[in-house]
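As recorded in TrEMBL:
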- B:84, B:95, B:191: Zn(2+) 1 binding site (BINDING)
- B:95, B:130, B:383: Zn(2+) 2 binding site (BINDING)
- B:212-309: domain 'Peptidase M20 dimerisation' (DOMAIN)
């Protein structure tokens, strides 16, 4: 294990500099995938990659790769380090960008120290991870991992009616490389936690061993609209009250089961949505997550049984539409162990953990051993201008990434 | 008690004829207050009132009166019968119009039969009962009853940005009579029930003895937006789940109290309203009604106590805004008894009941003895093209109104 360290000042300056690109008149940061502001961020990243002496490759879905290879190791499958630089609307500066810029920082550090890796090391910045403009999220890494044909991905129509393919061409990032042309030996992604666990436990490093499965459903409950003043309580089919019971059932069920599952009803709409009319319809979404596939299935099944009972008890009709379903992902045990070893050697408190959010790493895990390193997020906040990680934690995470890169690229 | 009867054919034909006025290309009926279609309806009504030999008066707020008086009774305070002819959007044909046209039918029948009332009998059609275009509802009768100054009422700005005063002038119904110039001896309003009780109990006549008090509040619950995947259930401040508990509390509380109270959460809005974000805010309305003021206050108080507990238990902040508050109205016992006597004499099943909806009668009850007669609504539906009352029930209700008019105007 090497105890060399990255250049903290260079990393932190670049994070701030990239975070200044794509701000509007009110100072809000928004770099939606394949937008004009995304182009500005990409241009800056590519300039940095070039300045570090890396070879640039852009594939057909716009994923950017900065490749450090030598005549000696050019035949080997590369170690890939990366994340994404697109953002949500009114974003923070760390989500995604931190992992990409730390990957670049690790390579520059290793080059400066004369390290000669036995395999190439690649910085990757994947297209449209956030999924705000084009669905699904993690699109670039999904295509890279072979989960979606590039033609289909390029034809994706965004929330603004644009097509991803033409927008990429428009900003000059419709590359020529065939997606997946770089098959990694291993993939490591450094990211802010976007949750409260590390901060709450005063732990600097999360060794992410798996990623939750996700089940998204849209539920429509149909009752009967009626006059709020003249319809006795016992004669109602109130779609709103029936909907209210679903979220409370899920919370109680999870509490009883003592599982780490989470359930969220994030959207809700009533019809006719009038103060003096009993709701005839409630439409809402359910987000269920659990790191264990069997437990996630059991939770889906319990929900389904409850909705059946709800139809009887509330005199309503329930229909369910599946919006998305991802099985949990298990990361590579050897990489997770290397993260823990590095943290220990550097005197950093670490813990194994599950990622509750989706990340590019889950897509690359389809084709290569992969894992993630998390650092704390203040108050667990992300996708928000208040997103913040202490500089010391940012540096610590990058140093762990450095150690893991040395381990994975330093030995045959 | 007279056993003469109204002219069923004439009444039913006029209801259909007025119900054909104000339909759009799709056949939907909409006569919003002081609109061009309301003018067409008003013109037809005034033509019928004139043809029946009544004196027309229009007051400054556009209320229309058709007065039947003689030299002998012109000095007496009049018996007033009426309702309104404005409608909601995409309305049925009975709500309001039935009461106005039945009042006219009663007068024509009495004139034809040579009845000589000891006091004038007046048909009243009040402006803007529905409140769809201008708030509050029951505006014309509120002004007539002295509850709102006519200048303030005329200055009301509608949902379409128009002013009620100028729109009334525009359609030619900004009259000159001072509102309230006719102080009734008594007021009786015949109306469809707009609820399911009479139909369910196979009862033809509702003798409406009171009208529920109404409490409208808007509640805002503030929690904390957080990532749906990374925030453990126990660490959430979920505004949506807190909101869900409010409606269920109200239903359980009312069931336990065994009161006739009703509670409705008809509108609901989440922020940020995203599938994978815990709601930071839920905004919703609560409609509480009870015919007894003490019970309505107790229900408001129980709700307030629950919202206090909710703040503690759900780690949220609750704020409440009062939107409207009307105390319950008690109608005149003698008129209610007269309704029951008439129903019995005609072999019609009747019951005393409470009006859950608001009506012009509650405003006129401020200045005169008042009551209402209800007839069944099929499936309890109103404010809807499917609004329907059987012709036999429409005729039965009008005959009861006839009897009550004879009793109230026939003796000094």
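The backbone N, Cα and C atoms fix where each Cβ goes, glycine too.
Across the domain 'Peptidase M20 dimerisation' (B:212-309), the model assigns an average pLDDT of 95. Listed in sequence order, B:83, B:95, B:96, B:98, B:99, B:359, B:372, B:373, B:374, B:375 are the same-chain residues six or more apart from residue B:191 (Zn(2+) 1 binding site) with CB atoms under 8 A from its CB. Non-local contacts of residue B:130 (Zn(2+) 2 binding site) by the CB criterion (under 8 A, 6+ apart in sequence, same chain) comprise B:32, B:33, B:84, B:86, B:87, B:88, B:96, B:137. Its own atom aside, the Cβ of residue B:84 (Zn(2+) 1 binding site) has 29 Cβ atoms within 10 angstroms in the protein chains shown. A 10 Å cutoff on Cβ-Cβ distances gives residue B:383 (Zn(2+) 2 binding site) a total of 22 other Cβ atoms nearby, all chains included. For the domain 'Peptidase M20 dimerisation' (B:212-309), residue counts in helix, strand and coil come to 39 helix, 29 strand, 30 coil, using DSSP. Each residue in B:83, B:94, B:96, B:97, B:98, B:99, B:129, B:189, B:192, B:359, B:360 lies on the same chain as B:84, B:95, B:191 and has a C-beta within 8 Å of the C-beta centroid of that Zn(2+) 1 site, without being one of the site residues. Residue B:84 (Zn(2+) 1 binding site) carries a strand DSSP state (E or B).
The Zn(2+) 2 site is defined by B:95, B:130, B:383, and by the 8 Å test on Cβ atoms against their centroid, the other residues of the chain that qualify are B:87, B:88, B:91, B:92, B:96, B:129, B:132, B:194, B:382.
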